[in-house]
């Protein structure tokens, strides 16, 4: 006869306390009350007509922010990484070659994922796209992060889709850090798979990830000879659950995170209310204001080429003579404000500041600049 | 030059409306205000000290409800299916054999997942565990759903762990529908991997899935020769993010759904406050009261053996002469109350009623019985 051996943990007797904090790192961003309240509405069933309606709203919202007519547009029940895996799992079969532009951490991770699928995928090349690379590797998929939030680079998208298609390669774009903050035109730019996360410009809590597949991508996905490695991310199941296929009814696939869908729906509604172009312009204007302020303080921007600076996440060259960790720690402690250090290849080289969605405003720029000024005054500076 | 071609969708201009509903189907369950409110607290960073503290609370709570001392106890950022894949992805390598007890839909799905990993996994046998089966297939993993919510069966667990271990096989248990509602003693019952979902007895919204790995399971996982197919579910990354390994610091893996962690933490606190044994007793008592009421109405229970009836989800033989869909539709429409039909192998055979966590009370039983009585009176009954 078994009996309880693990007592109730005392830590769970304490009240749950969560501080308010200015979330000006590379994400998650602050979530406006309207979106937080949407997520606190009552739970209904993952197959009830009302949730299908909300999911339909989400699909329409995704088509708008992605600028696409793709039928297969939906939200994955997970974060950006889940969407990245959804894209790769569904399009890549064992033996397929994948080409990845590794310009920061997101490319590294996409390459890691592609290499896990099968032996030949490990031959994926880590170079920038070129006719030579496409011809040499015959990849089924080319991955590019539009907004590389680890380095602060916004990668141009024009022309890449057409080039990929000439070589029968699908064009996969990660827009987690850029969507809503910089122009993306999925259909016009020939993007075959586009995904983003809920917690950046969209200002919803992390946990859902919009994704869309072009007809060209669907032809590859729905005519593959092997099943994708994941049942949970199998697009034939997901497309049916989201009412994106031609089947008469939706089958139970998994229990959708309904309250996260409420928040995502509301965040798309907020962006649609402002209008995409207005949001792009605001992020651009606030970025320029921010960058001018940084330069007037004598700080240097990590991305030299003005045209490829990401409007949502700014990388600042780590101030000479300072310990970057002391700066971010000081600002968190003194100003209750998150800015962060580098990530992956940029660790130690930069400070990163994200002003995304509702956080992108001149008033917030002033707050960050004041905090930085204060930190540079009070943090230890070596004589070197 | 590209320009907007997709206008803002009018559907997003409507207000988000979500009805309150009695969630007495097989899940998700109703979420108490305390837990909904926890999920509406402000978003903080997925690597902030406060979220690590909340994640530590969750780990302690999982060890309590699973009755385990396992170091590697954490919550997957996804639903029960994600946890199922996490278990299978990490323990199964290409060529490995998996044995699955298929007693309903969950076994079917585990078998589907195992078959996707590699060729030899497709030789997984679909029989109940026996020394013969273990000896014949030499599986690395045996899957059993403790609470088969599609059929309403609670499968006994005693002795299976020991038997598996004799044949060097890991014992994987799905307790999505049972944890907190029926006794499970992970360590004493020799369970190597146990997982559940947030949205059943725990009464949190769907979106997180507690999981725990025994030392025996970790030996297999951390000494495999190939990487798991999924980066997102790679246990070496997850265990580090959750502070379950011996490394000095936590690395960024993915952006944890922080608000879903708040809700999960709170739901574990609610269960710890009541006490596991009290919760088990309450579910058992309410089930007996419910079953007596059903039988007194002339309805038949689908599971004949009283000792293997799942206390959380009751399967009722679909009333003779009625269309089950008319009954569930009538009750939803007239009583604003969800009960459901069968799932997978039980479609058309049963009605399913779930009374889980805060929903498990005599008052709610009375409400369901009244709704059923009303439906049998008003729905069309054929003369046959």
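Keep in mind that glycine also has a Cβ here, set from the backbone N, Cα and C atoms.
Where the annotation comes from TrEMBL, it is an automatic prediction and has not been curated.
What TrEMBL says about this one:
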type	residues	note
DOMAIN	A:22-366	domain 'Aminotransferase class V'
MOD_RES	A:200	N6-(pyridoxal phosphate)lysine
BINDING	A:352	substrate binding site
Among A:200, A:352, the one of these recorded positions whose Cβ has the fewest neighbouring Cβ atoms within 10 Å: A:352
Average pLDDT across the domain 'Aminotransferase class V' (A:22-366), rounded to a whole number: 95
The residue listed as 'N6-(pyridoxal phosphate)lysine' - helix vs strand vs coil (DSSP): coil
Inter-residue C-alpha distance, the residue listed as 'substrate binding site' and residue A:200 (N6-(pyridoxal phosphate)lysine) (nearest angstrom): 14
